[in-house]
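J.: Got a structure for you, questions after.
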Amino acid sequence: MSSGWGAKDHKNYSNPPSSGAKRPRSDFGNKVIVVLGAQWGDEGKGKVVDLLATESDLICRCQGGNNAGHTVVVEGKEYDFHLLPSGIINQKAISLIGNGVVIHLPGLFEEGDKNEKKGLKDWQKRLIISDRAHIVFDFHQKVDGLQEVERQEQDGKNIGTTKKGIGPTYSSKAARTGLRVCDLLADFKDFSSRFKQLAQQHQSMFPSLEVDIDGQLKKLKEYAERIRPMVRDGVYFMYEAIHGPPKKILVEGANAALLDIDFGTYPFVTSSNCTVGGVCTGLGIPPLNIGEVYGVVKAYTTRVGIGAFPTEQNNDVGELLQTRGHEVGVTTGRKRRCGWLDLVILRYANMINGFTALALTKLDILDVMDEIKVGIAYKLNGKRIPYFPANQEVLQRLEVDYETLPGWKSDTTAARKWDDLPPKAQNYIRFVENHIGVPIKWVGVGKSRESMIQMF
């Protein structure tokens, strides 16, 4: 594969050919593989990424921050990742934190150190950080907590954020008062005065907010030197990766479709685009270079925090799924709400993302069920609707039409290929596949790498 753009092309670009001469056709370059959550997060994206990362040369994060939580089990060791791409485990690959990610520097190093103790080696040598990524400051995290308290007092309910400062940082970014990695590494005097202004702005909005400005700046100056060797111009870095020699490039989505700031169950969503569009804006790459888009789906549905959840089961079924699936948030430690698989949200996620294949995870959690229900349609005022409603109140009023399938009542955790699965489990998989219209490429029946059955 040619590099697509060399010195000769630069010459042609600045001195275009005379009219009538044919411009050289540019090579489209490497395509990226994207892994995205198709529900409300916690679908097991980390496992799919880990599987693909073993063969990848470059693994990227494009949005979110350390509000994400991915658990990966390798050789019996459990690694937790929040800000680092979970592909950082692959020692032969480079990991990139793109411009769409918001970075809490103390959190980044804390996470690296924690995983280092479990056996992660030399992660700092394999990590690249985009100079355009915005920085999460400690006061953003405090404000996140204060806003949640305020919402609780005013409305009697909060959003249920992770209190990691993600929303307030994206707010600073949208208000054009945020500070980026490139600012931290440039003139520190200028950075300091802008930091003071930003802190004071937040203090004027939240009078109880205390910020040790000098103490924070001292720490930030230290972090600047620690990250300096890792920082690159992210756009140029990605351009070179795409148009250089053949490479396997993997993009690891954080959060999920139903938490997307535009397409999720607003306002109970995250603050970034966690659908496929966020890959282009969060890394600075063209849509042309997006290849396979894999959606990750749990064999049932879970959600953390409040917000609409049409197939939720506040009963023994929900409790059984919660207990058997160990449904506790990696980032928050909160119990997840549980319910039956909802095919309406999966079709909706597919409308937005255009999945080329799916990974169906945690099938083994359903092993003990006598019968399994699947939400196949929504009814509003007694009539089926073909779309996923935007409004929360409408979502709360919906009725769900279910299809009931027989359970397989046998242990699937030892299955390693399609034929090892009981026929009724195979039927369940085919049913999901046919209703969404997307092939299922992997089926997960346990925590380890080996528990992902590859179908094609």
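Cβ atoms here come from the backbone N, Cα and C positions, even for glycine.
What TrEMBL records for Asp42 is active site, proton acceptor. Sequence annotations record features per position, and here TrEMBL assigns active site, proton donor to His70. Annotated active site per TrEMBL: Lys173, in sequence order. Among the features that TrEMBL reports, GTP binding site is placed at 41-47, 69-71, Arg336, 362-364, 444-447. Here TrEMBL flags Asp42, Val330, Thr331, Thr332, Gly333, Arg334, Lys335, Arg336 as substrate binding site. According to TrEMBL, the Mg(2+) binding site annotation covers Asp42, Gly69. The annotation IMP binding site is assigned in TrEMBL to Asp42, Glu43, Gly44, Lys45, Asn67, Ala68, Gly69, His70, Thr162, Arg176, Asn255, Thr270, Arg334. As annotated by TrEMBL, region 'Disordered' applies to 1-25.
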J.: Given the recorded positions Asp42, Asn67, Gly69, Thr332, Lys335, find the one whose Cα is closest in space to the Cα of Leu363 (GTP binding site).
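T.: Nearest by Cα distance to Leu363 (GTP binding site): Asp42.
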J.: By a simple count, how many Cβ atoms lie within 10 Å of the Cβ of Gly41 (GTP binding site), its own Cβ left out?
T.: 30
J.: Here's one to test understanding: among the recorded positions Asn67, Lys173, Val445, whose C-alpha is closest in space to the C-alpha of Gly333 (substrate binding site)?
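T.: That would be Asn67, the closest of Asn67, Lys173, Val445 to Gly333 (substrate binding site).
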J.: Write down the Cα-Cα distance for Asn255 (IMP binding site) and the residue listed as 'active site, proton acceptor', rounded and given in Å.
T.: 8
J.: Quick one: which of these recorded positions, Asn67, His70, Thr71, Lys173, Asn255, Val445, have their CA within 10 A of Arg334 (substrate binding site)?
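T.: Qualifying among Asn67, His70, Thr71, Lys173, Asn255, Val445: none.
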J.: What's the number of neighbouring CB atoms sitting within 10 A of the CB on Gly69 (Mg(2+) binding site)?
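T.: A count of 20.
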J.: Let me make sure I understand the span of the IMP site: among Asp42, Glu43, Gly44, Lys45, Asn67, Ala68, Gly69, His70, Thr162, Arg176, Asn255, Thr270, Arg334, what is the greatest distance between any two Cα atoms, in Å?
T.: 34
J.: Considering only the recorded positions Gly44, Gly69, Lys173, which fall within 10 Å of Val330 (substrate binding site) when distances are taken between Cα atoms?
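T.: Checking each Cα against Val330 (substrate binding site), the hits are Gly69.
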J.: When you measure from the Cβ of Asn67 (IMP binding site), how many other Cβ atoms are you left with inside 10 Å?
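T.: If we count other Cβ atoms within 10 Å of Asn67 (IMP binding site), we arrive at 27.
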J.: Provide, as an integer number of angstrom, the distance between the C-alpha atoms of Lys173 (active site) and Thr71 (GTP binding site).
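T.: So the alpha carbons of Lys173 (active site) and Thr71 (GTP binding site) sit roughly 29 Å from each other.
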J.: Say you check the Cα of the residue listed as 'active site, proton donor' against those of the binding-site residues Thr162, Asn255, Arg336, Val445; which is nearest?
T.: Asn255
J.: Using C-alpha atoms, which one of the binding-site residues Asn67, Gly69, Thr332, Lys335, Arg336 comes nearest to Gly44 (GTP binding site)?
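T.: If we rank Asn67, Gly69, Thr332, Lys335, Arg336 by Cα distance to Gly44 (GTP binding site), first place goes to Gly69.
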J.: Given the binding-site residues Val330, Leu363, Val445, which one has the fewest other C-beta atoms within 10 angstroms of its C-beta?
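T.: Comparing Cβ neighbours within 10 Å for the binding-site residues Val330, Leu363, Val445, Val330 has the fewest.
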J.: Using a 10 Å radius around each Cβ and all protein chains in view, which of these binding-site residues has the most neighbours: Gly44, Gly333?
T.: Gly44
